[in-house]
Every structure is written in structure tokens, then in C-alpha cells.
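Below is one structure, written out as C-alpha cells, with a few remarks after it.
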Amino acid sequence: MYLALLVIFLQCSELYTQERVFTFNTVEIKIRPSVKVKNGARMSVFCHADISKSTDFQLKHNFTIFKNGKPVFMSISDREDAQYEIPVARSSDTGEYECTVEAGGKTKSSNSLHVWVTGMTKPILTAEEKEVLEGEVVKLRCELPEEVPPLHFFFRKIKMNSTPKEKHVYEPYRNFSEVTFSVEEGDNILYFDCFGKRSVLLEFESSEHSNRTLVTVKEPFIKPTLNAKPSSNVTEGDRIQFECSTVVARMRDIEIILQKNKTILKSVQDEKILKYSAVATLEDSGEYLCKVEQGRASKTTKLNVVVSELFPKPILSASRSNLDENKELTLSCSISGFRKANFSILRKNSNGDISLKNSRNLTMRVNVNDTGSFICKAEVKGIVKESNPVMVNIYAPVSKPTLSVVSGLPEVVLGKPLRLICRSAMGTPPITFRFHKGNEVKTIVTNDTYAMFLDENIRQNDKKGYKCDARNNHSSGMKTSNILNITVIVPITSASLGSIPYGEVEDGHETAFLCSVKEGSWPIHFRIFRKTDHEVLLFETSENADRIVWRKKAMNRQDTGTYYCMASNRANVDVKSHPITISVILAVWQKGVIAASVLIPIAGAVTFASWWFLCKKKKAKGPSMEMSGSALATNLTSEKLTGQHNDGDYYSGSGYIEDSENHMKTTDETKDSVENRHSRIQGHPDAT
């Protein structure tokens with residue numbers, strides 16, 4: 001029975017489940033009155049779920065409305081609609097809206113919808129002080145209480161008949177901002193206002209301007225007065241006095257400054273008047289400025305002063321501007337149209353001018369140390385004026401110049417530039433140097449004590465000598481150096497190596513090596529090397545010749561190898577020959593000894609065998625057979641020797657001696673040939 005009830009229950013549950021099937025078709029979100037809402041207006045957000053059901057049954061709908069991804073409204077309802085009301089829309093309500101509906105374990109979201117609440121609330125501006133002094137500051141606060149940052153604030157300072165001054169502040173995290181404006185000279189009635197801006201969809205939206213705030217300005221002191229006594233037009237030597245004064249509201253921190261061309265002449269503090277006097281000079285002409293400062297407040301007054309000339313600047317003249325040492329120099333000082341003055345003549349010096357004479361005229365015998373600038377001064381009524389400087393050059397004669405090569409030795413490598421230096425040990429600069437190659441002037445250089453010359457056109461057969469001359473402004477004229485002859489060093493070209501004998505040499509015999517060059521200046525440094533696993537220097541020498549011969553006595557098997565030579569001279573370029581190969585072979589007598597050591601034991605063995613055979617025959621056949629056996633043995637021995645000689649494996653002693661004598665004779669003749677004619681060495685380019 002229980003089993004039947006369970007089956008009935010499961011079938012009923014299945015039927016019930018099949019009857020409560022539903023699905024979301026869409027979820028929609030709408031804005032009323034539109035997606036663009038005016039600031040302060042009413043705004044409604046509607047969310048509707050379109051659901052299909054298998055039968056008519058009730059569902060609980062969970063509605064959630066999001067703004068910029070954050071939930072702003074939630075509702076549970078049997079209906080398929082929900083409404084989110086915003087009675088007064090503000091710019092902070094601008095954003096992306098989306099609706100999500102959850103029912104029966106299923107969830108669906110609408111598309112997002114951008115809502116723009118246009119317009120911003122009117123900002124509120126407040127000033128910390130309503131009344132300020134010149135030089136102080138006005139502190140302002142602008143607030144947009146119903147707006148959400150980030151925000152831009154703009155403050156304006158408004159004066160009558162002038163363009164407003166504006167300051168901009170960006171506030172990323174606050175809905176208010178504060179700034180200060182300086183109160184400047186001339187500010188008396190000021191108005192301030194502000195407005196805000198925000199960025200919406202890459203566009204800026206502005207608020208209304210705030211209330212206009214009035215700030216009144218008071219003067220802390222009046223504009224100063226500046227006077228000159230006895231007048232602003234005076235003559236050199238007159239005493240002139242300046243007075244600068246003002247009226248202040250309070251004496252604390254007041255300062256008066258007198259300036260000329262940005263130079264402060266005098267200043268006083270916590271006083272209402274400044275006085276300054278001086279003896280007038282031409283340099284005192286110009287514009288004077290009196291400035292009064294207190295805190296940030298500042299006011300100025302200007303006065304132009306003209307100082308007339310009492311007498312003109314003196315003129316210094318010299319008898320000569322260039323003269324030889326030990327000559328007389330006369331200096332004269334004068335004032336055009338004015339004779340009653342106190343004169344002095346001085347020489348300029350970096351440590352202070354040196355007085356030479358308190359007079360209008362000066363005559364002196366000069367030396368080189370007197371070269372320099374001279375001036376004269378004139379004094380009338382306490383006014384001292386200085387002439388323009390006069391330059392006088394005193395010259396010592398140049399000494400005979402010396403010409404040398406910069407590198408030291410009087411030589412140059414062909415193809416390389418030649419650097420010469422010409423020096424004159426004595427003589428007042430500037431000195432003019434001239435360089436000569438042969439009779440031709442190559443270059444002219446003006447310098448202090450020396451000059452350089454570069455000759456890049458060096459030829460192999462250049463025989464022209466060099467010289468230089470020097471002169472300055474001394475009357476003695478030009479001095480000329482000795483002639484410098486230069487040796488042109490020709491670099492080594494094309495080294496070659498040869499030998500006698502060439503290729504093969506018998507052990508114990510001598511080999512002659514010839515190393516020569518095609519071209520190159522003497523002396524030439526020759527080196528001969530043998531190359532095996534490493535290079536071995538065998539011979540080196542320096543000769544005033546283009547070739548050398550080196551004889552290697554008693555060559556042995558260890559001397560087999562590759563040989564080459566290198567040649568160099570003062571051009572410092574090593575030239576290497578092509579290598580030659582020498583093989584050391586056995587001498588003829590050594591071959592004979594080896595042959596004898598092999599053949600003599602063989603001959604002895606044959607002789608012994610023949611003797612033993614004959615003895616054995618004699619015992620067997622008697623005396624007659626002994627003679628017969630002896631002849632046979634002799635014939636056999638003769639046949640064996642004859643057969644070996646014909647095969648070429650044996651050389652008779654007399655034959656070896658003859659060959660050896662002929663070989664030694666040839667060697668001696670070759671040695672004589674090497675000693676007398678190096679050009680016939682085999683393997684050498686000069687070989688015949």
C-alpha cells in the first residue's frame with residue numbers, strides 16, 4: 001500500500017512541476033520623462049520583465065536597479081514591473097542604469113541605459129573677510145553642495161573698468177574649493193564670484209555663476225612723494241639731496257627704499273621719511289624711484305634728475321703706440337677748452353692702477369715690462385674724470401730662430417707628412433714666422449714664440465732644404481734660421497729569400513741563405529727565421545746593403561723545415577719574404593756505411609756456407625771431388641754477387657768512394673760559387 005501511495009505522490013509532483021514552467025523573454029529598463037533630464041526635475045526609472053509561463057501561477061520578482069554598477073533600488077513584487085522614483089534629479093544622478101530581475105531561481109538583466117541630468121546647481125561663494133588692506137589677501141570658498149566630484153571650480157576677481165582675473169582649481173575628491181587673491185595697489189572696491197564645471201561624455205557642462213561678493217579695500221599708506229634739492233637739474237660738483245616721504249595708517253613693518261637703475265641707494269624702516277645726499281656727477285643723471293612697502297602692499301614714485309657736465313673727459317695721447325725697448329715714450333694729458341685741473345698719469349694694473357706722475361706730461365725710457373694700458377685723470381672741484389686707456393706696446397727684438405722636426409730626428413718616411421717647428425727664444429710677441437722649402441715660401445704663421453709647418457708633399461728624391469725666418473714689430477727686422485736638410489726614408493718593399501743548395505741538402509753540409517729587398521733606405525735590418533711548431537730566429541744583422549748572405553754550417557736532420565726572412569729599416573715596417581722549404585737528407589758516405597753494414601754480413605754468411613759444403617763433399621768423394629767442389633763454390637759465389645749487383649741493391653766500395661769524391665768536389669765548387677756570386681742562389685728571384 002505504501003508503495004502505491006509513493007508512486008501516486010511522485011506522479012502528482014511531476015504533473016505539478018510540469019504545470020509551473022516559465023522563462024524570461026526580456027527585461028527592459030526605461031526612463032521618464034527621457035534619458036536627458038533637467039537638473040531639479042522629477043525622474044522615474046521603470047523596470048519590466050516579460051515572462052512566458054506554462055500556466056497562470058504567481059511568481060515573486062526580485063527587482064534590482066543599478067547605477068554605474070552599484071545597486072540604488074531593490075523591490076520584491078508579484079507584478080512584473082517595478083518603479084524607482086527620484087523626486088529632484090541632480091547631476092549626481094547622471095550615469096549608466098541597468099535592471100536585474102530574479103524569479104524562481106532564474107535571473108535576467110536588461111541592457112544598460114545612459115541617463116544625463118543636464119545643468120548644475122548654483123554654487124555658493126563666501127569670503128573670509130569683507131574688508132582688507134592693500135597688500136593683504138582675500139580668501140574665498142566656492143561650494144557645489146549637491147554635486148559629486150570630480151569638479152572644476154573657477155574663481156573671478158572683478159574690478160571696475162578692467163578685465164576680471166580668473167583662477168582655476170580642479171577638485172577630484174571634493175565638491176568645494178578654496179583660493180586666495182592678492183589685493184594690489186589701486187584695488188579699492190572688488191567683486192568676486194565663482195562657477196563650476198564637470199565632464200559628461202567627454203563634454204564640459206557649466207553651472208550658473210554664484211552670488212557676487214563685495215570686498216572693500218583700504219590704503220595702509222598713501223603714495224610716497226619724492227623731491228630733489230636744490231633742484232632736479234644740477235651741475236657736476238653740486239651737492240644734491242633726495243627726500244622720500246609718505247603717510248601711513250600704522251607704523252609697524254613700514255619700509256622706504258630709494259633706487260636708481262635697480263640699485264638700492266638707501267632704505268629706512270618704521271619711519272615716514274628717507275633722506276639721501278651726494279656730490280653730483282654725470283653718472284648720477286637718470287631716473288630715481290622711491291618705494292614704500294608694508295606687508296604685501298607696495299607703492300612707488302619716480303623722479304628724473306639731469307646732471308650737467310662741469311668739464312669734459314680728459315684725453316691721453318702717446319708719442320708712439322709701438323716702439324723698441326730702451327726708447328723714449330712721451331705721454332700727454334689734456335682737456336678740450338679747459339686748462340685749470342689737477343692731472344695725473346697712471347698705468348693700468350689688475351691689482352690697482354700704478355701712479356707714474358702727477359703732471360700733465362710724462363717722458364720715460366721704456367722696457368718690455370712697460371707694455372700695457374696708460375690713463376690720465378683730471379680733478380676739478382672734487383670731480384675726477386678718467387681718460388680712455390691708451391695701449392702702448394714695447395718690443396724686444398726676435399732672436400735667430402731654430403728649425404727642427406717635431407719628432408726629433410731630421411728624417412721623414414716617404415709618404416708620411418713632415419712636421420716642422422720654428423722657435424724664437426727671445427722677442428716680444430706677436431711674432432710672424434715664414435717657412436721656406438728651397439727658395440719657395442710655403443706658409444706664414446703669426447704666433448707668440450713658435451709656429452708649426454706641415455709638409456705633406458714629400459718625394460723620394462727631395463733635395464730641397466728647409467728654413468724659417470721670424471720678425472716682430474721691432475725695428476731690427478727679420479732673423480733667419482739655418483738650413484735644415486731632411487733625409488727621406490724609403491720603406492722596404494718586396495723581400496725575398498733563396499738558398500744554395502735549394503730544396504735538399506745533405507746532412508753535415510753547409511747551406512747559404514740570401515735575403516734581399518727590392519727597395520729601401522739603408523741601413524736595413526735583416527732577420528732569418530725557421531718555422532716549425534713555433535718561429536725560431538736564426539740570424540739577424542743590420543747592413544748598409546740591400547742583401548745579406550748567411551751560411552749555416554753542418555746542417556742536420558733537425559734543420560729540416562720552412563725558412564723565411566724579414567727586413568725593416570727606420571720606416572718601422574716589417575716586410576716578410578715568401579717561405580722556402582729545406583729538407584736535410586743522408587750524405588753519400590752515410591748511405592755507403594748503411595749499405596756496408598747490411599751487405600758485409602750477408603757476404604760472410606755465403607762464404608761460410610760455401611766452405612762448409614766443399615768440406616762435406618771432400619769427405620764423401622775424395623780429393624778429386626774436392627777440386628771440383630771448390631770450383632763450383634767459386635762459381636756459385638760469383639753468380640750470387642753478380643746477380644745482386646744487377647738488381648741495384650749493392651754498390652761496390654770502389655764505386656762509392658768514386659761517387660763520394662765527385663760529390664765533395666761539387667760541394668766545394670758550389671761553396672766557391674756562393675761566396676763570389678750571390679745572384680745565382682736557387683729559389684731566389686735573382687737566380688739564373
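Any Cβ shown, glycine's included, is placed from N, Cα and C.
Annotations in TrEMBL come from automatic prediction, not curation.
Residues annotated as domain 'Ig-like' in TrEMBL: 220-306 (among others).
On the 0 to 100 pLDDT scale, the domain 'Ig-like' (312-393) averages 89 in the predicted structure. Annotation source TrEMBL lists domain 'Ig-like' at 312-393 (among others).
Positions annotated as domain 'Ig-like' by TrEMBL: 401-485 (among others).
Residue counts for the domain 'Ig-like' (491-583) under DSSP, helix first, then strand, then coil, are 3 helix, 57 strand, 33 coil. The domain 'Ig-like' feature in TrEMBL is assigned to 491-583 (among others).
Under the heading transmembrane segment, TrEMBL lists 593-615.
Sequence annotations record features per position, and here TrEMBL assigns region 'Disordered' to 644-688.
The compositional bias 'Basic and acidic residues' feature in TrEMBL is assigned to 660-678.
According to DSSP, the secondary structure content of the domain 'Ig-like' (312-393) in residues is 3 helix, 48 strand, 31 coil. Applying DSSP to the domain 'Ig-like' (220-306) sorts its residues as follows: 3 helix, 57 strand, 27 coil. Using DSSP to sort the residues of the domain 'Ig-like' (401-485) gives these counts of helix, strand and coil: 0 helix, 43 strand, 42 coil.
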